[in-house]
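Can you read through this structure? Questions will come right after.
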């Protein structure tokens, strides 16, 4: 049964060759192979069952069914029968007849494939060679060996063709989402065929499982012979009886299907109890066809079996399927071996192309090694075969693990991409609403600007009036209206240009948005039309199926009527024969009566004759009536035959029409697929347009923020003019009061400065203690190397001269700054309070540090604003161990008093030497300060107060300035303070980007690395953990299941908390505990459960990605 199904299943469907011809060709081939090899197999009628398989099942049959010529070997195969072996012959016959009628559509559909034609030509050449070999009928083993070698060469060619077909099927699977519509139509067309295919699969798999588990292996050839005889006896003579038997067998087939499913589940549970799993599949073609170069040899075997034994130089080294591994394990216990290398290849090929349609199909991977039942080989090779099988199991496990990882990574990336697409759609909607809101705000701002311009004109008239009053009273004032009017005109012109550009860009954006919305509506309409077309096609298909069912029912009714008429004709024939016999008897009686008449009384004889004549007339009338009834019955039978012929012609025409409709459906499907590809391209174009719109919206926001700044400047100017009108008479009193307050603040500032000097003295004393320790170390180093001491003395002398010059220059700069501060603490306090906080001891020390680093161009202070990004990330306080804190606190703490005390003590001769010693000691032990450069660079990033001090010096007036000039100063100072504010140097684009990064920290990472946010975060993790051992981050699930990835990622920031060299991948709980504790020590809350992470091999990738995002947000943003 197994061999017959595989041999015909491997033959592809070719146009122009009918099903019945294929079946007729298969029957003599199988019968001749059975007579030559001395083994009995079932007839080829069961082979037509495999013709209704789908494309994947056809490939599976091709991979496993090339062994059709193995019947020439003459080996006896024990085919264990299923539980329902009694009803199997009749059922097989019924299935063969049904497959002849139901497989025509699939054969016509697949006839266009070039690969199938090549496989068909190869199959025909193989069949012709097999016929020639069978016609010779040579009983010798040498001739059988030549036939087997020829079959093996044909098998290698067919296996190559299988490789080509497998690559094509893989390329089709890559566009599975585009072929979803085609799959639906195909499922509807093959709905009536899948049940029979599943029955055949379950039968074959049940035999394979029983062969593996050693159940019912002692079946004789008598069963096969009896099944064959039953098949021949039960073959129907006409189509009508076949249809009747099909209807009768339908319920039996369903019951057997349920029984086979139950047995299949039972065997599956039994295998799971033994510790094996059949759900792992081989999806890699390299594993399958890597052993095609094996050269099998034919060794003559026992002549009583009529064949030979197949051996190979690398017996058992090829990787087998899971079923082969199970069979090898069972056969090792039973001292038998049922497989070899080429059969393993067959079973693997059939497994690779086997589709998994349901949970019960997990066992549906036919293996030819168990079905063929190859005899056992020498015991000396069992050890090497066992070792090779262990190596094969290890390779299979590794490859399966790799394929599972790739599959999970791909699904994870697809889920992340879909989620980001949904986020982008939401962002697009938000941007559209924001754009509309900005348009409304722009209208409101334009109205407000018009109102402010009206107020400005009104205030300008009032100012002219007040100036005329000042001129009448001979009060002097500063005339700067020309400069102001020019600046106002320039600002107004710029604002009008910006407003015009904004309106033009908004119109463009609205046009693009309308175009995109129209395109989206058209795409939705096309999709709706495609769905409607698919629904219509489905309805049409259902209608055709209903018509076919009604025709079949009508045909069955006609067949039943014909049977009734035939039975009536037969009964009439029997009655007519009986009457003929009765007539002969009556004639004999008449003859006897004539003889009696001649010898006896005539009157009595005449009465008898009269009665006999009456009976004769009655019999003749009855015979004539029966003949007329017979003629009518024959006419009715002829009419019914004509009706049946017409119905068959109509059925053939309907089949041709159905084929045409299927071709039209395929063409429609191709059109839908092309339209779907066009929709995909349009979707990608829409995505690109969305990205462009996002950039334009960001630019629009930047322009809007800039416009807001200009408008705020104009509003501030208007407010200042209004305040100037009201405060002009009270300005002098206010200034006197402020002078008194600022003098008090200046005294407080001097007291704070004295406190800072005291603190600096304390720091200096600590630094001197550290310097003493460093001097002792330097003395020890000088004793070790005298040559270096001389060089150090030379360097020391040069450094002393340089440091003295720096200290003197610094003292001069400090004195100038202090003088400027004393002079500028007057009116400049008003402007400085609006833009800067009150100076404290910390800010003074930082300003002195930044001033002391000005002569060194590499350590120049970088002014930083609250919103500007930091030039270098510094680790938090928890990232430094206590030993590192102690070693870092020396150079950092001792560098401050060198500059903080320079204004009070300008004649320190030892300061350059000590500073030089500190630098020398810091360079002599770089291993103890692995992260000191980052801390020192962080020290240089301080807020510089030089710009504000220069501004104060510029706007400060002499102490004896006139009140009018002070009032003029008051009008200009707010403008200067606005331009010197910390947020003035940040552009609107930078502000919006910083807000976006704070809201979504992965957006900047996605812009940096490109692609999706998930891939960008994955690349960042790979870059951060580069160089760490046992770390391979490919996804956010299985790559993090041992905790080493978390430890490596946090070790880059917190090396004191994680001893990475002491960790291993086996102690998962310790790894996760260290990583989560280190993250919690700096404020990163743990969102993962340690027990769940330790227990599961593949944690939830979204939870892991969320936690890694929190780590990135804390340390990198």
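Using the three backbone atoms N, Cα and C, a Cβ is placed for every residue, glycine included.
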Quick check on the annotations: Swiss-Prot lists region 'Disordered' for one of 231-261, 262-292, 293-323. Which range is it?
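In Swiss-Prot, residues 293-323 carry the label region 'Disordered'.
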Could you tell me which of the ranges 394-449, 842-897 is annotated in Swiss-Prot as coiled coil?
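Matching range for coiled coil: 394-449.
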Of 193-225, 325-357, 358-390, which span is tagged region 'Disordered' by Swiss-Prot?
358-390
Would you list the DSSP helix, strand and coil counts for the residues of the domain 'Calponin-homology (CH)' (1011-1116)?
62 helix, 0 strand, 44 coil
